[in-house]
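Taken straight from Swiss-Prot:
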type	residues	note
BINDING	D21, D23, D25, C27, E32	Ca(2+) 1 binding site
BINDING	D94, D96, N98, E105	Ca(2+) 3 binding site
BINDING	D130, D132, D134, Q136, E141	Ca(2+) 4 binding site
DOMAIN	8-43	domain 'EF-hand 1'
DOMAIN	44-79	domain 'EF-hand 2'
DOMAIN	81-116	domain 'EF-hand 3'
DOMAIN	117-149	domain 'EF-hand 4'
Amino acid sequence: MADQLTDDQISEFKEAFSLFDKDGDGCITTKELGTVMRSLGQNPTEAELQDMINEVDADGNGTIDFPEFLNLMARKMKDTDSEEELKEAFRVFDKDQNGFISAAELRHVMTNLGEKLTDEEVDEMIKEADVDGDGQINYEEFVKVMMAK
């Protein structure tokens, strides 16, 4: 899995990894994993983090070494880039299947994910992604936002 990463990606991950490997022992604690991944532009949920940690932390000691971390990031990046997964995610947001994500649909999904957002926050998220300015997010705009993560 990690062999599909470019040298640039590997050195970027190594740099981020060592920022959080405070004592330089080659391991990071599980609670630091989320921070590391967010610093690399990934945005895992708590549930995703727990799943990833469970997959990697076989002995349950709460730490992850660099090779395990690389495999994790490679897997996460592969998932993120998958066209089918993007379409599926878009369909989850686009409740009425009209090809657009409205503010109401975005708020609904985010609430279901446990993210209670104000109207202003929802509007801001829409505005950030809404390239053509129609007040909704179409599939192309959605993909652009997801790929930028």
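For all residues, glycine too, the Cβ spot is worked out from N, Cα and C.
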Cβ-Cβ under 8 Å with the domain 'EF-hand 3' (81-116): same-chain residues at least 6 beyond its ends: 45, 122-123, 125-126, 134-139, 142-143, 146-147
Other residues, Cβ within 8 Å of D94, D96, N98, E105 Cβ centroid (Ca(2+) 3 site): F93, K95, Q97, G99, F100, I101, S102
Model confidence over the domain 'EF-hand 4' (117-149) (mean pLDDT, whole number): 89
D132 (Ca(2+) 4 binding site), number of other Cβ atoms within 10 Å: 10
Cβ-centroid neighbourhood (8 Å) of the Ca(2+) 4 site, D130, D132, D134, Q136, E141 excluded: F100, I126, A129, V131, G133, G135, I137, N138
The domain 'EF-hand 4' (117-149) - residue tally per DSSP class, helix then strand then coil: 21 helix, 2 strand, 10 coil
Integer Å distance between the CA atoms belonging to E32 (Ca(2+) 1 binding site) and N98 (Ca(2+) 3 binding site): 40
Candidates N98, Q136: member of the binding-site residues with the richest Cβ shell (10 Å): Q136
Rounded distance in angstrom between the Cα atoms of D21 (Ca(2+) 1 binding site) and E141 (Ca(2+) 4 binding site): 36
Neighbour tally for D21 (Ca(2+) 1 binding site), based on other Cβ positions within 10 Å of its Cβ: 21
Rounded Cα-Cα span from Q136 (Ca(2+) 4 binding site) to E105 (Ca(2+) 3 binding site), Å: 10
Neighbourhood of D130 (Ca(2+) 4 binding site), C-beta criterion under 8 angstroms, separation at least six: Q136, I137, E141
